[in-house]
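Read the structure below first, then the notes.
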Amino acid sequence: MKINRRVENVWHLIFIITILIMILPVIYAIGMSFKPLHDAYNNVLNIIPIHATLENYITLFDTLPIFRITWNTFIVATVATIFKLITAFLAAYAFVYFSFKGKEILYFLLIGTIFIPFTVTMIPNYLIISNLGMLDNVWGVILPQLADAVGIFLIRQSMKNIPLSLIEVARLDNMSHGRIMKDIVLPLVRPAITSVGIWFFISTWNEFVWPVLILKTTENFTLPLALQMFISSEGGTNFTVAMAVSVITMIIPLILYLSFQKYIIGTFTSSGIK
Amino acid sequence: MSSLTAAKGKLHINRENAFGYLLLIPSIIIFAVFTFWPFIYTIYLSFFEWNMISPTKEFVGLKNYTEVLSDPKTYRILGNTFLYIILLLIINCVIPYIFAFVIDLVLRKYKNFYKGALFLPAFISLVVGSILFTWILNPVSGPVAILFNWFGLEIPNWTKAEGWIIVVLSLITSWKVFGYNFILLYASINGISREIIEAARMDNVSLVRIFFQIILPMSSATGIYVFIITIVQSLQYVFTPVKVISQGGPDYASSNLIYHAYHEAFVVYRTGHSAAISIVTMALFLLLLFLEFRYVERGVYYEN
Amino acid sequence: MKEIKFENVRKVYGDTEVVKDLNFTVREGERLILLGPSGCGKSTILRMIAGLEEITSGNLYMNGQRVNDTPSGKRNVSMVFQNYALYPHMTVKQNIMYALKVKKIEKKEIERRFDFVLEMLQLRGYENRLPKQLSGGQRQRVALARATVNRSDFFLLDEPLSNLDAQLRVSARKELMKIHEMFGQTIVYVTHDQIEATTFADRIVLMYNGELQMIDTPDNVYHRPANVFTAKFIGSPPTNILNIEYDHGAVRIGSQSFLLNEIWKDYVNQTGTNKLLFGIRPEHIELSPVSAQKGVRGQVKYIENQGNNYGVYINVEGQEIIAMSESKNWTDGQDVYVCPVMEKIHFFDKDTERNIGYPQGLEMKDGITYSNERKVNV
């Protein structure tokens, strides 16, 4: 059956409009962050600034400990990502290559946590972190995020695609599990680990809900929290500075996404749920 | 025979299963401490009156539940929650399904560009999205308002307008969630055997029928999954724009069960109420899941 | 003593018994083939030897020691998988050397073994390629090479040639033979292909439905099938099995009959049973267009071109008989006389479907005397 050209063109139009709606604001934000404030108010529709300036960024560096805040965000995202990957890799290995009592139930319980709303665990977790003296501390943000059910799920899917006979050959050669993990399984699931890792990193980088409960003072903030300060003062006077913070918040996720885009989409498309 | 053993998907390793448990210990500890125990403790808290600071908790039985359930605010918020769910399902489940189908099977060009661009906002902070769209949709000075003015149109003052605020907050959330759901659905549709679709096309079956009779049933396992995470997770994502833009207002018009539980616990310090609301939310989700499994799951096609 | 002994071994998955009460011994240094249709349990047996599959009950001995609970890595076995199981991220060289390096074998020795196997299996020049850059035949040789360098006592092969085309199979078989001559491992080899089995095996174990049907040399499996299943499974087209009435030297098919020779007549009479099935291979039937005393009349149904020969399908009193003929000058519906070669006939007990055996002194045209012992193991 031939697909009607006109139908196809209508769809192209729909996609282009949708993508404009989604992407244009991001480009807008970048443009705005280089506009002087009066320009931003008077030439609203100009995406590219007429009088480009760095003054918003300068103001930002003057008023906020932005290096410290970026560093906090980086630490939270990196530590959480590394731990999530390790715990997920080990758990996935256990679920794929071992048969033990209660395996199915355990898997179901862990994956089931995806469907628990965070408010159900929010108060007790806050109390735990508070009792550990980790309130207003990035480690309090990190601690409950050292394991991740989606990670277990995705890495397990990827491991299941390795032919079992590869592992069996290794077992026949008396390889230890440590060696099998390091020399065989890890290299073969590396693409999945990379994209899941990038996904974890970016989600934690962007995280808002949990840090907002834990972090109180500006020095300890992560970028999304810092950004929120500009909104609570009703946008207004600091609007272009807010855009500069937005740009700083977006830049690392965007670079990661644009450089690993094919990889990431590949992992999500090949190891998705069937 | 080898296919049988492979299908069982397990490696026979004599008496080393203890090692399997060992590998799971890190995950189990973290989930036990930060998910399972808190879950149980929240149930416990829902029977007490407490303000999170006082050293004593007062056992009140079901009082928190009766108070929450007799409060007209709760029903207003419950109504909002359903409105959010319906909007989010349409924008993040129905539309990405159609988009994924069209990109995979109708279009011949720019497929990868569309995929990449649609997925992009999923990598950007929702706080950024909230700020951006608040400005873009500013009813007086935002670019959209200016564009509309040229055509003599006005956009409603949505931050103050009941109903509109939920629509806008849902759209902002969707900006972030859409791409992820789209990619999952695309993966599933893309995984359907081309032979089946080619065969249908050769028989001159219309695209609409291909969608409903082949694509929808054969990707339904992913469809269900996306349906569930849209309800459970998007509703949590909505929290961010609600918190950043409206704080649930005006007068609870944009609040939902998730935000309300937060509000009760961390704004007005009524942990008992908050816990009760959370448990009710959880129960509601479970009910939705149950209904879904009961009535939809039957026709689901699982590849494995 | 590099032998493998199965003693009352069973394997059960849930409710299905995939291997039933297995008893046999793989002798030191022999090439034993596990043959049977898919799902017969042959791969499970191989995997039990490898320790990749648990044994539900019974005992498995290797080198005289009970190994039921010995992990795979301690059984001194090498295995070649149907899909070759090459590590996709390692080069040919890394694939072959990996296990040796982990086992901390001396570097010089590793190099020596590697060079040797590279030469023997003609893999020189491919050392640094990845599996995906190799042809199917090359991959198969890498898998063989990897299994060989271990110098294990036991060499297990699971359908190792089934992904190769016919020509490559012949050369791969030769290479296997070469390896076996060189190292004399005890080989257990799983296949569903009887040509592969008869060309390679010292002995064949024929499996069906989890039960051992027969264990013997390829010649005996062909000429002295232990039961109806063996007779039908080995050879193509399969052995004709006919419902007959036996009456003092006369074999009656429907309303017709032919006479046995004296040796057969005495032998069958002496077994004292007359509830029998009659077996004859298509290639052991002489066809004649004119009446023949030792035969029965039937009608040609159709003719199948087998390349070098013609398979003639004949209806004899409602039963179908296939006969091989060098001539294709048969027409559908034509009357034809079917004469079994007396030296090549078989009788099976109707109830047990087991071979009733063969008379002493049955002259074979090919001059070979086959064992008359019953090698059925059940």
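These residue numbers are counts, starting from 1, taken along the chain as shown.
Glycine is no exception: its Cβ is also placed from the backbone N, Cα and C atoms.
Remember, predicted model here, so these are calculated numbers, not experimental data.
Tertiary neighbourhood of the transmembrane segment (A:12-31): same-chain residues 46-49, 243, 246-247, 250, 254, selected by CB-CB distance under 8 Å and a gap of 6+ residues from either end. Sequence annotations record features per position, and here TrEMBL assigns transmembrane segment to A:12-31 (among others).
The domain 'ABC transmembrane type-1' annotation in TrEMBL covers A:70-260.
The feature transmembrane segment is assigned by TrEMBL to A:74-98 (among others).
Summarising the annotation, TrEMBL assigns transmembrane segment to A:105-126 (among others). Under 8 Å from some Cβ of the transmembrane segment (A:105-126) lie the Cβ atoms of residues 91, 95, 144, 149-150, 152-153, 209-210, 213-214, all in the same chain and six or more residues away from its ends.
If you look at the transmembrane segment (A:138-155), the same-chain residues 6 or more away from its ends with a CB under 8 A from one of its CBs are 72, 75-76, 79-80, 83-85, 87-89, 91-92, 95, 110-114, 125, 128-129, 132, 189, 192-193, 196, 200, 204, 207, 210-211, 214-215, 220, 222, 267, 271, 273. The transmembrane segment annotation in TrEMBL covers A:138-155 (among others).
What TrEMBL records for A:184-202 (among others) is transmembrane segment. Same-chain neighbours of the transmembrane segment (A:184-202): 77-78, 80-81, 84-85, 88-89, 93, 148, 151, 154-155, 157-159, 162, 166-167, 170, 175, 253, 256-257, 260, 263-264, 266-268, 271, counting only residues six or more beyond its ends whose CB sits under 8 Å from a CB of the stretch.
Residues or ranges marked as transmembrane segment by TrEMBL: A:239-260 (among others). Residues 26, 29-30, 32-33, 35-37, 40, 56-57, 59-60, 63-64, 66, 70, 194-195, 198, 201-202, 205-206, 223-224, 226-227, 230-231 of the same chain lie 6 or more positions beyond the ends of the transmembrane segment (A:239-260) yet place their CB under 8 Å from a CB of it.
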Same-chain residues at least 6 beyond the ends of the transmembrane segment (A:74-98) with a Cβ under 8 Å from one of its Cβ atoms are 107, 110, 138, 141-142, 145-148, 151-152, 154-156, 158-160, 167, 177, 181, 185-186, 189, 193, 196-197, 200-202, 204-205, 207, 211, 222
